[in-house]
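Going by Swiss-Prot, these are the annotated features:
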type	residues	note
BINDING	Arg48, Arg54	NADP(+) binding site
BINDING	Arg131, Ser132, Ser133, Asn243, Ala244, Gly287, Lys302, Pro303, Thr304, Ser305, Ser306, Arg328	FMN binding site
Amino acid sequence: MSFNTFGHMFRVTTFGESHGVAIGCVVDGCPPRIPLEAAEIQTDLDRRRPGQSRFTTQRQEPDQVKILSGVMADPDTGAQVTTGTPIALLIENTDQRSKDYSEIKDKFRPGHADFTYEAKYGLRDYRGGGRSSARETATRVAAGAIARKIIAGVKVRGALVQMGPHKIDRDKWDWDEIARNPFFCPDKDKAAFFEDYLDGIRKSGSSIGAVLEITAEGVPAGLGAPLYGKLDADLAAAMMSINAVKGVEIGAGFGAAELTGEANADEMRSANDGTRFLSNHAGGILGGIATGQPIVVRFAVKPTSSILTPRQTVDRAGHETEILTKGRHDPCVGIRAVPVGEAMMACVLADHLLRHRGQVG
(Lines of atoms letter the chains of each structure in order from A; the text may use other names.)
(Lines give C-alpha, C1' and ligand atoms only; values in the text may rest on other atoms or scores of the structure.)
Protein backbone atom coordinates (compact mmCIF):
# COMPACT_ATOMS: atom_id res chain seq x y z
CA MET A 1 0.00 0.00 0.00
CA SER A 2 1.62 3.22 -1.19
CA PHE A 3 0.68 6.89 -0.75
CA ASN A 4 1.17 7.17 3.00
CA THR A 5 3.28 10.34 2.68
CA PHE A 6 2.07 13.93 2.44
CA GLY A 7 4.02 17.10 1.62
CA HIS A 8 7.14 18.15 -0.28
CA MET A 9 9.64 19.94 1.98
CA PHE A 10 7.73 19.23 5.19
CA ARG A 11 6.90 15.55 4.67
CA VAL A 12 4.71 13.42 6.91
CA THR A 13 4.53 9.64 6.58
CA THR A 14 1.96 7.89 8.78
CA PHE A 15 1.78 4.20 9.68
CA GLY A 16 -0.27 1.75 11.72
CA GLU A 17 -3.82 0.42 11.85
CA SER A 18 -6.84 1.01 14.06
CA HIS A 19 -6.46 -2.32 15.88
CA GLY A 20 -2.72 -2.78 15.48
CA VAL A 21 -0.12 -2.47 18.21
CA ALA A 22 0.48 1.22 17.55
CA ILE A 23 0.11 4.09 15.11
CA GLY A 24 2.65 6.77 14.37
CA CYS A 25 4.34 9.05 11.90
CA VAL A 26 7.72 10.20 10.68
CA VAL A 27 8.14 13.93 10.06
CA ASP A 28 10.92 14.77 7.63
CA GLY A 29 12.07 18.29 6.79
CA CYS A 30 11.64 20.00 10.14
CA PRO A 31 14.35 22.66 10.56
CA PRO A 32 16.85 22.24 13.42
CA ARG A 33 16.93 23.93 16.82
CA ILE A 34 13.18 24.35 17.18
CA PRO A 35 12.15 23.76 20.82
CA LEU A 36 9.96 20.65 20.96
CA GLU A 37 8.64 18.67 23.92
CA ALA A 38 6.22 15.74 23.90
CA ALA A 39 3.89 17.74 26.14
CA GLU A 40 3.39 20.30 23.36
CA ILE A 41 2.29 17.57 20.96
CA GLN A 42 0.14 16.00 23.67
CA THR A 43 -1.88 19.18 24.09
CA ASP A 44 -3.13 18.92 20.51
CA LEU A 45 -3.70 15.16 20.76
CA ASP A 46 -5.82 15.60 23.87
CA ARG A 47 -8.23 17.83 21.94
CA ARG A 48 -8.85 15.02 19.45
CA ARG A 49 -8.71 12.09 21.91
CA PRO A 50 -11.77 9.77 21.89
CA GLY A 51 -14.05 9.01 24.81
CA GLN A 52 -14.18 12.52 26.29
CA SER A 53 -17.95 12.92 26.01
CA ARG A 54 -21.03 10.88 25.17
CA PHE A 55 -20.98 12.47 21.72
CA THR A 56 -17.83 10.67 20.54
CA THR A 57 -16.74 7.04 20.37
CA GLN A 58 -16.34 5.47 23.81
CA ARG A 59 -13.10 3.79 22.82
CA GLN A 60 -10.71 4.82 25.60
CA GLU A 61 -7.33 5.69 24.13
CA PRO A 62 -4.92 7.88 26.15
CA ASP A 63 -3.04 8.72 22.93
CA GLN A 64 0.21 9.26 24.81
CA VAL A 65 2.84 10.27 22.27
CA LYS A 66 6.48 9.22 22.39
CA ILE A 67 9.22 11.05 20.49
CA LEU A 68 11.58 8.35 19.26
CA SER A 69 14.05 10.42 17.23
CA GLY A 70 14.92 13.82 15.85
CA VAL A 71 15.42 15.72 19.12
CA MET A 72 18.25 16.34 21.57
CA ALA A 73 19.32 18.76 24.28
CA ASP A 74 20.47 22.10 22.89
CA PRO A 75 24.19 22.37 23.75
CA ASP A 76 23.75 26.04 24.64
CA THR A 77 20.46 26.11 26.54
CA GLY A 78 19.85 22.50 27.54
CA ALA A 79 16.29 22.67 26.20
CA GLN A 80 15.10 19.84 23.97
CA VAL A 81 15.19 20.94 20.33
CA THR A 82 14.83 19.41 16.90
CA THR A 83 18.02 18.26 15.19
CA GLY A 84 16.86 18.57 11.58
CA THR A 85 16.76 14.78 11.19
CA PRO A 86 13.51 12.77 10.82
CA ILE A 87 11.24 12.98 13.86
CA ALA A 88 9.54 9.66 14.64
CA LEU A 89 6.41 9.75 16.81
CA LEU A 90 4.64 6.71 18.28
CA ILE A 91 1.17 6.35 19.82
CA GLU A 92 0.26 2.95 21.26
CA ASN A 93 -3.22 1.46 20.80
CA THR A 94 -4.55 0.23 24.14
CA ASP A 95 -8.33 -0.30 23.81
CA GLN A 96 -8.91 -2.38 20.69
CA ARG A 97 -11.94 -4.72 20.68
CA SER A 98 -11.53 -6.65 17.44
CA LYS A 99 -14.18 -9.20 18.44
CA ASP A 100 -16.82 -6.53 17.84
CA TYR A 101 -16.10 -6.87 14.12
CA SER A 102 -15.99 -10.67 13.78
CA GLU A 103 -19.54 -10.84 12.40
CA ILE A 104 -18.74 -8.49 9.51
CA LYS A 105 -15.37 -9.83 8.42
CA ASP A 106 -16.93 -11.21 5.22
CA LYS A 107 -19.50 -8.44 4.70
CA PHE A 108 -19.03 -5.00 3.17
CA ARG A 109 -20.33 -2.03 5.15
CA PRO A 110 -22.30 0.35 2.89
CA GLY A 111 -20.68 3.78 2.81
CA HIS A 112 -17.38 2.43 4.13
CA ALA A 113 -14.07 1.70 2.39
CA ASP A 114 -14.51 -2.06 2.87
CA PHE A 115 -15.53 -2.76 -0.73
CA THR A 116 -12.97 -0.51 -2.39
CA TYR A 117 -10.02 -1.77 -0.31
CA GLU A 118 -11.03 -5.34 -1.16
CA ALA A 119 -11.37 -4.43 -4.84
CA LYS A 120 -7.88 -2.90 -4.90
CA TYR A 121 -5.85 -5.17 -2.61
CA GLY A 122 -7.82 -8.41 -2.54
CA LEU A 123 -8.22 -8.15 1.23
CA ARG A 124 -9.03 -5.61 3.89
CA ASP A 125 -8.54 -5.14 7.62
CA TYR A 126 -12.10 -5.51 8.90
CA ARG A 127 -10.97 -4.84 12.51
CA GLY A 128 -12.05 -1.25 12.85
CA GLY A 129 -11.20 -0.47 9.25
CA GLY A 130 -7.41 -0.69 9.50
CA ARG A 131 -5.78 2.22 7.66
CA SER A 132 -9.17 3.61 6.56
CA SER A 133 -10.14 4.22 10.19
CA ALA A 134 -10.21 7.74 11.62
CA ARG A 135 -7.77 6.35 14.20
CA GLU A 136 -5.04 7.24 11.67
CA THR A 137 -5.81 10.93 12.09
CA ALA A 138 -4.21 11.02 15.55
CA THR A 139 -0.85 10.81 13.79
CA ARG A 140 -1.76 13.81 11.62
CA VAL A 141 -2.56 15.85 14.72
CA ALA A 142 0.83 14.91 16.18
CA ALA A 143 2.57 16.03 12.99
CA GLY A 144 0.47 19.19 12.94
CA ALA A 145 1.77 20.13 16.38
CA ILE A 146 5.29 20.16 14.94
CA ALA A 147 4.13 22.13 11.91
CA ARG A 148 2.68 24.79 14.22
CA LYS A 149 6.17 25.33 15.64
CA ILE A 150 7.51 26.04 12.15
CA ILE A 151 4.78 28.57 11.36
CA ALA A 152 5.02 30.34 14.71
CA GLY A 153 3.09 33.60 14.47
CA VAL A 154 0.34 32.07 12.34
CA LYS A 155 -2.83 31.32 14.30
CA VAL A 156 -4.65 28.20 13.07
CA ARG A 157 -8.11 27.60 14.52
CA GLY A 158 -11.13 25.49 13.65
CA ALA A 159 -14.81 25.21 14.49
CA LEU A 160 -17.88 23.12 13.74
CA VAL A 161 -20.29 25.43 11.91
CA GLN A 162 -23.03 23.02 10.87
CA MET A 163 -24.41 19.68 12.04
CA GLY A 164 -26.88 18.01 9.74
CA PRO A 165 -29.03 20.82 8.28
CA HIS A 166 -28.52 23.05 11.34
CA LYS A 167 -26.08 25.97 10.94
CA ILE A 168 -24.62 28.26 13.58
CA ASP A 169 -25.53 31.94 13.81
CA ARG A 170 -22.35 33.66 12.61
CA ASP A 171 -23.32 36.84 14.42
CA LYS A 172 -22.86 34.87 17.67
CA TRP A 173 -19.39 33.57 16.76
CA ASP A 174 -17.17 33.44 19.87
CA TRP A 175 -13.80 31.70 19.60
CA ASP A 176 -13.62 31.35 23.39
CA GLU A 177 -16.87 29.36 23.37
CA ILE A 178 -15.25 26.52 21.41
CA ALA A 179 -13.36 25.26 24.46
CA ARG A 180 -16.52 25.32 26.59
CA ASN A 181 -18.55 22.69 24.71
CA PRO A 182 -17.84 19.22 23.30
CA PHE A 183 -18.62 20.22 19.69
CA PHE A 184 -15.93 22.86 19.00
CA CYS A 185 -18.92 25.11 18.31
CA PRO A 186 -18.44 28.93 18.43
CA ASP A 187 -22.16 29.61 18.93
CA LYS A 188 -23.23 29.01 22.56
CA ASP A 189 -26.93 28.71 21.76
CA LYS A 190 -26.40 26.31 18.88
CA ALA A 191 -24.06 24.18 21.00
CA ALA A 192 -26.90 23.70 23.48
CA PHE A 193 -29.19 22.71 20.61
CA PHE A 194 -26.61 20.25 19.28
CA GLU A 195 -26.63 18.43 22.63
CA ASP A 196 -30.28 17.45 22.34
CA TYR A 197 -30.09 16.95 18.58
CA LEU A 198 -27.11 14.59 18.68
CA ASP A 199 -28.43 12.77 21.75
CA GLY A 200 -31.47 11.76 19.73
CA ILE A 201 -29.36 10.56 16.82
CA ARG A 202 -26.96 8.72 19.12
CA LYS A 203 -29.70 6.92 21.03
CA SER A 204 -31.31 5.78 17.79
CA GLY A 205 -28.03 4.18 16.72
CA SER A 206 -27.67 6.46 13.71
CA SER A 207 -25.18 9.19 12.76
CA ILE A 208 -25.07 12.63 11.16
CA GLY A 209 -22.66 14.72 9.09
CA ALA A 210 -21.17 18.15 9.73
CA VAL A 211 -19.39 21.12 8.17
CA LEU A 212 -16.16 22.41 9.72
CA GLU A 213 -14.33 25.69 9.16
CA ILE A 214 -10.58 26.07 9.54
CA THR A 215 -8.91 29.48 9.48
CA ALA A 216 -5.30 30.67 9.48
CA GLU A 217 -4.49 34.25 10.46
CA GLY A 218 -1.10 35.86 10.03
CA VAL A 219 -0.14 34.01 6.84
CA PRO A 220 2.25 36.31 4.93
CA ALA A 221 1.27 37.49 1.47
CA GLY A 222 3.20 35.64 -1.22
CA LEU A 223 3.07 32.16 0.32
CA GLY A 224 2.07 29.58 -2.28
CA ALA A 225 2.80 29.15 -5.98
CA PRO A 226 1.06 29.42 -9.34
CA LEU A 227 -0.56 26.68 -11.39
CA TYR A 228 0.42 23.24 -10.12
CA GLY A 229 1.79 24.37 -6.77
CA LYS A 230 -1.24 26.35 -5.64
CA LEU A 231 -1.69 26.82 -1.92
CA ASP A 232 -5.45 26.34 -2.18
CA ALA A 233 -5.03 23.18 -4.27
CA ASP A 234 -2.77 21.67 -1.60
CA LEU A 235 -5.19 22.71 1.15
CA ALA A 236 -8.08 21.10 -0.72
CA ALA A 237 -6.08 17.89 -1.18
CA ALA A 238 -5.09 17.90 2.49
CA MET A 239 -8.66 18.27 3.72
CA MET A 240 -10.03 15.74 1.22
CA SER A 241 -7.50 13.20 2.51
CA ILE A 242 -9.17 13.24 5.94
CA ASN A 243 -11.47 10.28 6.58
CA ALA A 244 -15.14 10.88 5.71
CA VAL A 245 -14.57 14.27 4.01
CA LYS A 246 -16.70 14.60 0.86
CA GLY A 247 -16.35 18.28 -0.06
CA VAL A 248 -14.01 21.26 0.39
CA GLU A 249 -14.41 24.97 -0.34
CA ILE A 250 -12.12 27.98 0.01
CA GLY A 251 -13.53 31.39 0.98
CA ALA A 252 -16.95 31.89 -0.59
CA GLY A 253 -16.50 28.51 -2.23
CA PHE A 254 -19.56 27.24 -4.07
CA GLY A 255 -21.36 30.38 -2.95
CA ALA A 256 -19.19 32.34 -5.38
CA ALA A 257 -21.22 30.85 -8.22
CA GLU A 258 -24.20 32.91 -7.01
CA LEU A 259 -22.30 36.22 -6.93
CA THR A 260 -21.73 38.81 -9.63
CA GLY A 261 -18.24 39.92 -10.52
CA GLU A 262 -18.77 43.13 -8.57
CA ALA A 263 -19.90 41.29 -5.45
CA ASN A 264 -17.24 38.58 -5.55
CA ALA A 265 -14.12 40.69 -6.18
CA ASP A 266 -12.35 41.70 -2.98
CA GLU A 267 -11.72 45.42 -3.50
CA MET A 268 -8.48 46.93 -2.23
CA ARG A 269 -7.45 50.19 -0.58
CA SER A 270 -4.18 51.61 0.66
CA ALA A 271 -3.39 51.32 4.38
CA ASN A 272 -0.54 52.39 6.66
CA ASP A 273 0.79 48.83 6.82
CA GLY A 274 0.25 48.01 3.15
CA THR A 275 -2.81 46.93 1.21
CA ARG A 276 -6.21 46.57 2.83
CA PHE A 277 -8.96 44.34 1.41
CA LEU A 278 -12.61 45.32 1.85
CA SER A 279 -13.85 41.71 1.84
CA ASN A 280 -12.47 38.16 1.74
CA HIS A 281 -14.52 36.12 -0.70
CA ALA A 282 -11.24 34.63 -1.97
CA GLY A 283 -10.57 33.07 1.42
CA GLY A 284 -7.11 34.61 1.60
CA ILE A 285 -5.78 33.07 -1.63
CA LEU A 286 -5.63 34.42 -5.20
CA GLY A 287 -3.89 32.64 -8.07
CA GLY A 288 -2.75 29.96 -5.65
CA ILE A 289 -0.84 32.52 -3.56
CA ALA A 290 -1.74 33.94 -0.14
CA THR A 291 -3.01 37.53 -0.05
CA GLY A 292 -2.16 38.11 3.61
CA GLN A 293 -5.83 37.94 4.59
CA PRO A 294 -7.11 35.10 6.81
CA ILE A 295 -7.19 31.80 4.94
CA VAL A 296 -10.64 30.24 5.26
CA VAL A 297 -11.32 26.59 4.41
CA ARG A 298 -14.52 24.64 4.98
CA PHE A 299 -15.07 20.93 4.51
CA ALA A 300 -18.07 18.62 4.72
CA VAL A 301 -17.88 15.38 6.68
CA LYS A 302 -20.32 12.59 5.86
CA PRO A 303 -22.23 10.66 8.55
CA THR A 304 -20.34 7.79 10.18
CA SER A 305 -20.86 4.68 8.05
CA SER A 306 -20.93 2.26 11.00
CA ILE A 307 -24.46 2.49 12.44
CA LEU A 308 -26.85 0.14 14.25
CA THR A 309 -29.53 0.28 11.55
CA PRO A 310 -29.66 -2.97 9.50
CA ARG A 311 -28.73 -2.35 5.86
CA GLN A 312 -28.61 -4.35 2.67
CA THR A 313 -25.19 -5.40 1.35
CA VAL A 314 -23.24 -8.26 -0.21
CA ASP A 315 -20.53 -10.51 1.19
CA ARG A 316 -17.12 -11.35 -0.27
CA ALA A 317 -18.66 -14.16 -2.30
CA GLY A 318 -21.15 -11.78 -3.88
CA HIS A 319 -24.18 -13.08 -2.00
CA GLU A 320 -26.84 -10.59 -0.93
CA THR A 321 -27.17 -10.27 2.83
CA GLU A 322 -27.94 -7.84 5.64
CA ILE A 323 -25.45 -6.12 7.93
CA LEU A 324 -25.67 -4.52 11.36
CA THR A 325 -22.50 -2.91 12.66
CA LYS A 326 -21.50 -3.32 16.30
CA GLY A 327 -18.58 -1.65 18.05
CA ARG A 328 -17.92 1.87 19.30
CA HIS A 329 -18.37 4.68 16.82
CA ASP A 330 -18.77 8.46 16.65
CA PRO A 331 -22.38 9.55 16.09
CA CYS A 332 -20.87 12.64 14.41
CA VAL A 333 -17.29 12.09 13.29
CA GLY A 334 -17.12 15.76 12.33
CA ILE A 335 -16.66 16.75 15.97
CA ARG A 336 -13.20 15.23 16.39
CA ALA A 337 -12.26 16.23 12.85
CA VAL A 338 -11.78 19.85 13.95
CA PRO A 339 -8.26 19.30 15.41
CA VAL A 340 -7.48 17.13 12.38
CA GLY A 341 -8.42 19.93 9.98
CA GLU A 342 -6.28 22.36 11.98
CA ALA A 343 -3.35 19.94 11.78
CA MET A 344 -3.63 19.56 8.02
CA MET A 345 -3.83 23.34 7.60
CA ALA A 346 -0.66 23.70 9.70
CA CYS A 347 1.17 20.99 7.76
CA VAL A 348 0.34 22.57 4.39
CA LEU A 349 1.41 26.03 5.57
CA ALA A 350 4.66 24.68 7.03
CA ASP A 351 5.38 22.88 3.77
CA HIS A 352 4.70 25.99 1.70
CA LEU A 353 6.75 28.19 4.02
CA LEU A 354 9.80 25.95 3.57
CA ARG A 355 9.20 25.77 -0.19
CA HIS A 356 8.88 29.57 -0.30
CA ARG A 357 12.20 30.01 1.48
CA GLY A 358 13.86 27.65 -0.96
CA GLN A 359 12.55 29.54 -3.98
CA VAL A 360 12.80 33.21 -3.03
CA GLY A 361 15.05 33.16 0.04
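Yeah, the Cβs are placed from backbone N, Cα and C, and that goes for glycine too.
This view paints the features noted in Swiss-Prot onto the structure.
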| residue | record | Cβ neighbours (10 Å) |
| --- | --- | --- |
| Arg48 | NADP(+) binding site | 24 |
| Arg54 | NADP(+) binding site | 13 |
| Arg131 | FMN binding site | 20 |
| Ser133 | FMN binding site | 20 |
| Ala244 | FMN binding site | 24 |
| Lys302 | FMN binding site | 17 |
| Thr304 | FMN binding site | 23 |
| Ser306 | FMN binding site | 25 |
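Rounded to a whole number, the C-alpha distance linking Arg131 (FMN binding site) with Arg48 (NADP(+) binding site) is 18 angstrom. Ser306 (FMN binding site) sits 17 Å from Arg54 (NADP(+) binding site), taking the C-alpha atoms as the reference points.
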